[in-house]
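Annotation comment: TrEMBL describes 482, 509, 511 as Mg(2+) binding site. Taken from TrEMBL, the feature domain 'Thiamine pyrophosphate enzyme N-terminal TPP-binding' applies to 44-148. Under the heading domain 'Thiamine pyrophosphate enzyme central', TrEMBL lists 241-358. Summarising the annotation, TrEMBL assigns domain 'Thiamine pyrophosphate enzyme TPP-binding' to 451-576.
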């Protein structure tokens, strides 16, 4: 039976027609019972690509036009269910697709050959590090130019067109160069399905002269993807659960810690189920914040070694057994390799593998299956949480500000905390916002995103654009440092074009504060901008925009009241002036430890 494109719904799997959104849900494509033959104007490569993007959940594509992708863009914008979001540069288009994928489960960007591709590649590398399925589409050279000795513009002056492809091979899980209509259908479908299955970016290059040409392979609505669900090895699963249950049930004060790979494993619900059944105290690694509920009665905060939230590290590191679900132990998350953990006490649960202590390892086991099965045979043990409850002292409030006293960062985040609800989402830029935002207590269904593994400054501007476009019902609150904002500020323009109602807190402390705490130097001081003036100039009277500059708590309170009241339907930009040395205590500690790790002398030869 022929099938045609229908609506995308998020639900539990009821058949095999599925894609891969985040956090344990799958998407099914609803089938039509009638076959559809398309007019020749629709039976083109460009139209097929547009329909495929819509089918997998992409309704907004982030683009920068260039001569090699213009015809392709014509066919993408002709798809009524696909909206073109024109960005100011390729880097921000990639960051926007990253932010979009964090909410929708998949994102897409379209750029031109080489000058566009090599510009967007930094954002694609970040998406790769964060396990995000971003479909990077490049308008490529005319198909007639492949295999010739011609030199084209937008290249490095050699007749070899493979430079861009070779660059993308290390930061994408699949690459497709479409320069022939005969196999275009197969190449496009394979690339998109691979992105969904692997939860990694893919690269698709489409020759500029092919997008508008009809071909019989595109003459019908595309048959919905049927991605075979991954299955656990049942015998291995049973053996792993039995071994893990024995390991945990003999422990006196076991704990659970959620890691960032819970997202790609779609195991958030399974982890919460295990926390419910086991009664263990549980924490999150910093890059997993927002992936599991923080309103759970046994949640104890963020485990980040020496810069953990209060009393969390003491409970985790003193436990006699700890189960880490989807961890990434890098120099940043381990605070310069200073975590006080012992391998023999650890169960590491990867998306498809379980390792217990120093030896036992079980492969071909899905994390969500393992955690759910383990929840059914674990003994309740709330000793670690009782220990936490006994030693816990509620956090104090910042010192009360004197009238018109210069604004302190801890006062700022006290007020941001009060803004959070199920209708908001937080985007934290690389820098001191990492540490201040980690201390925010997230209400149920409040979104939270930051890029820890890759840590590219400037990421948050594009990511805010993409995330807000994906969830228009939420108000996105972005906390961005002045140094990071200078890298990618242009796409505030795109937020205004799209009518977004984001709130950006621009924290102006005169430089790259996170770098100062790792290694100071004159290169960490930046030229101060008139940030509100810049955003007003970008606004230029078009769209809803409100800006203000605050220097004290009284002005901050008034600004927040305006942004959430009178200007609740506007894009709001609040420049916050703070002292250059006003940082979180966590950054001071973390910076010194990372500096120590970076400055280790060479090992003796």
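Heads up, the Cβ atoms here are built off N, Cα and C, so glycines get one too.
Within the model, the domain 'Thiamine pyrophosphate enzyme TPP-binding' (451-576) carries an average pLDDT of 95.
For the Mg(2+) site, the Cβ centre of 482, 509, 511 serves as reference, and the other residues of the chain with Cβ at most 8 Å from it are 481, 483, 507, 508, 510, 512, 513, 526, 580. Helix, strand and coil counts from DSSP across the domain 'Thiamine pyrophosphate enzyme central' (241-358) read 40 helix, 25 strand, 53 coil.
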